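Asker: Just lifted these from Swiss-Prot, have a look:
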type	residues	note
REGION	1-28	region 'Disordered'
COMPBIAS	7-17	compositional bias 'Gly residues'
COMPBIAS	18-27	compositional bias 'Low complexity'
REPEAT	70-158	repeat 'Solcar 1'
TRANSMEM	72-91	transmembrane segment
TRANSMEM	133-152	transmembrane segment
REPEAT	168-252	repeat 'Solcar 2'
TRANSMEM	170-189	transmembrane segment
TRANSMEM	227-246	transmembrane segment
TRANSMEM	261-280	transmembrane segment
REPEAT	263-352	repeat 'Solcar 3'
TRANSMEM	327-346	transmembrane segment
Amino acid sequence: MELEGRSAGGVAGGPAAGPGRSPGESALLDGWLQRGVGRGAGGGEAGAYQPPVRLDPESGPEYEALPAGATVTTHMVAGAVAGILEHCVMYPIDCVKTRMQSLQPDPAARYRNVLEALWRIMRTEGLWRPMRGLNVTATGAGPAHALYFACYEKLKKTLSDVIHPGGNSHIANGAAGCVATLLHDAAMNPAEVVKQRMQMYNSPYHRVTDCVRAVWQNEGAGAFYRSYTTQLTMNVPFQAIHFMTYEFLQEHFNPQRRYNPSSHVLCGACAGAVAAAATTPLDVCKTLLNTQESLALNSNITGHITGMASAFRTVYQVGGVTAYFRGVQARVIYQIPSTAIAWSVYEFFKYLITKRQEEWRAGK
């Protein structure tokens, strides 16, 4: 429908009301018009007549560009919900990935593919065995993803304004993703250590507190961050590839950057698959550092494995070049729906929260 431009006295023809539109919707559209005209399409002063503005009442304005809607709190809440849901839904596959990355697995824990692994784990170890350690993962994922998305959105906008004013910069997207990863991994690394030790075959830990206590007493507090540098070495390129691929695909499938669930799912899934396959060798080394796999240690290594270089040498000594790609199938299968869930849930909650904030402001 066509809505006349606003003058100093109001919208010509009355408020942005129409048949079938509630007072709240009318107030919301009225607020959008007021902000748009106040700025002036051609840089004119507020109060000058503006040409007719066409708005699609179904989609509204570009939700990512609302001037005061998407606050840091919005990104943090949306990111926390997305992170928790992502990890909870995909946790059984993550358990399989950890086991398939084992360098010298027990004969009872040698799996041909993801489905066989899940079936055998549930049949021989119990229906809920693939979910062991989920509670500590969810506890870490909430704050980690809140920091992650809030930092990413803030830096993406700041760097894009510097590198490519008025446009979108792939370099800014990649750099923002890298910096956001520093905060995410700092919050998530201890939970990763505990989670992966509980996921291993014949793990002696049945409760999170048992695992935390044993690691603290036997290896010290530093064990919770032993894999931090390797995690960063893996996640920084992973997130750079991930964010750059996602934003690149969004430019093609959703150039107007409106809330579009199908584009968020598709772009997130593709970005996750590409990034996961490219960084699998680093993920194998991270798993070794987190678990300190006893069979690998007993074979030809003494003491604890510390640092990325040591992990790379150990992986090669035990399994050769092919060992760097153990679990690549499970990792890609995990990341495709995982990143699709994360982006779609994050964008949905960002859209929902922003819309509610705008409705509240318009009704004041």
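Quick reminder: no glycine exception, Cβ is built from N, Cα and C everywhere.
So that I understand the layout, could you describe where these features sit and how close they are to other parts?
Answerer: On the 0 to 100 pLDDT scale, the repeat 'Solcar 1' (70-158) averages 90 in this prediction.
Per DSSP, the secondary structure of the repeat 'Solcar 2' (168-252) breaks down as 72 helix, 0 strand, 13 coil.
Within the chain, the transmembrane segment (227-246) has long-range Cβ neighbours (under 8 A, six or more residues past its boundaries) at 152, 170, 173-178, 180-182, 184-186, 189, 192-193, 267-268, 270-272, 274-276, 278-279, 282-283, 285-286, 289-290, 307-308, 311, 339, 343.
When Cβ-Cβ distances below 8 Å are used as the criterion, the transmembrane segment (261-280) is approached by residues 234-235, 237-239, 241-243, 245-246, 249-250, 253-254, 324-325, 327-328, 331-332, 334-344, 347-348 of the same chain, each at least six residues removed from its ends.
In the repeat 'Solcar 3' (263-352), helix, strand and coil residues by DSSP number 77 helix, 0 strand, 13 coil.
Within the chain carrying the transmembrane segment (327-346), a Cβ under 8 angstroms from the stretch's Cβ atoms is held by residues 78-79, 81-83, 85-87, 89-90, 93-94, 96-98, 100-101, 113-114, 117, 145, 149, 242, 246, 261, 264-269, 271-273, 275-277, 280, 283-284, all 6 or more beyond its ends.
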Asker: Which bits of the chain, at least 6 residues beyond where the transmembrane segment (170-189) starts or stops, bring a Cβ under 8 A of a Cβ in it?
Answerer: 140-141, 143-145, 147-149, 151-156, 159-160, 162-164, 224-225, 227-228, 231-232, 235-236, 238-244, 246-248
